[in-house]
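A single structure is presented below for examination.
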Amino acid sequence: MLWFMEGSCFLPIFLVIWSSSTFIVSYIVALLRHDVDVIFPYISDTGAEPPESSIFGIMTTISAFAGVTTMFARYKYVEKINSMIRKMNPRLNMAALWIGCLSCLGMCFVATFQVTVEPLVHDIAALCFFVSGVIYVIVQSVISYKIHPYGSSMPVCHIRAAIATFSLLAAFPMIVCAAFVKTPGMHWKIHDKEYELHVVSAVSEWMVAFGFVFFFFTYIREFKVILSFLTPESNFHIMSVNFPSIHLHVCPFRFFLYIILFVFLMKSITVRK
């Protein structure tokens, strides 16, 4: 069996590749159409104008679905380990799941309401996505240390802590500088009054976004011991030398359907406006 087919490691692998492609593809299309500048546009600006707005919307929504699935699998994995070792409060694991889902919901709104259509809704959703995402990676880093030596190795725990710290430090200038950028626009010149603030905020935004991507990359090794089957009951099985198999009669794919319906409803409302 190929390494990327072991267990459920395809979930974080798909999430990492697809999310990275979302940012890169929309940027390239927007750049080729001269809708954004070469030097550090906001991520949202790369998906503000058609046709890249449609590409950005579809790919970002799929990334959000993949994110919810990966977070849910991680939640059940930690839940199973903690039920055996009882080294942390299970509410911490539940809180991480809800915070992660809130971040993915913000991502869906960002994809649905472009900055040129509904700037207020878009900005609030982006803030929700980034803030919740930073909190999620911090909480998951704490969880990794708490359940060690089960789950992650100590080097992986350190890597997650480093990524969480990096994302947190980058989030501050991203938010603060963006708050002082009063002039909207997707084309900036070096002599513009708020150019420096824009560059710092945009660079920080890209740093935080790819910090999230690389954080999920650290899930791959753990997900090799999680076996998921698409049965009517959507049983999840966690297999390892330390723990017995587990059957979870939960269907996370129903969540996908609900989110898809909600997003397309919001999209139709936006189109009517």
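Going from the start of the chain as shown, residues are counted 1 onward.
Placed from the backbone N, Cα and C atoms, the Cβ positions cover glycine too.
TrEMBL entries are annotated by machine, without manual review.
For reference, TrEMBL lists these features for the protein:
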type     : residues : note
DOMAIN   : 9-224    : domain 'CWH43-like N-terminal'
TRANSMEM : 12-33    : transmembrane segment
TRANSMEM : 53-73    : transmembrane segment
TRANSMEM : 94-112   : transmembrane segment
TRANSMEM : 124-145  : transmembrane segment
TRANSMEM : 157-181  : transmembrane segment
TRANSMEM : 201-220  : transmembrane segment
TRANSMEM : 241-266  : transmembrane segment
Taking the transmembrane segment (157-181) as the reference, which of 12-33, 53-73, 94-112, 124-145, 201-220 gives the largest number of Cβ pairs under 8 angstroms?
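Against the transmembrane segment (157-181), the leading stretch is 201-220.
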Mean pLDDT for the domain 'CWH43-like N-terminal' (9-224), rounded to an integer?
90
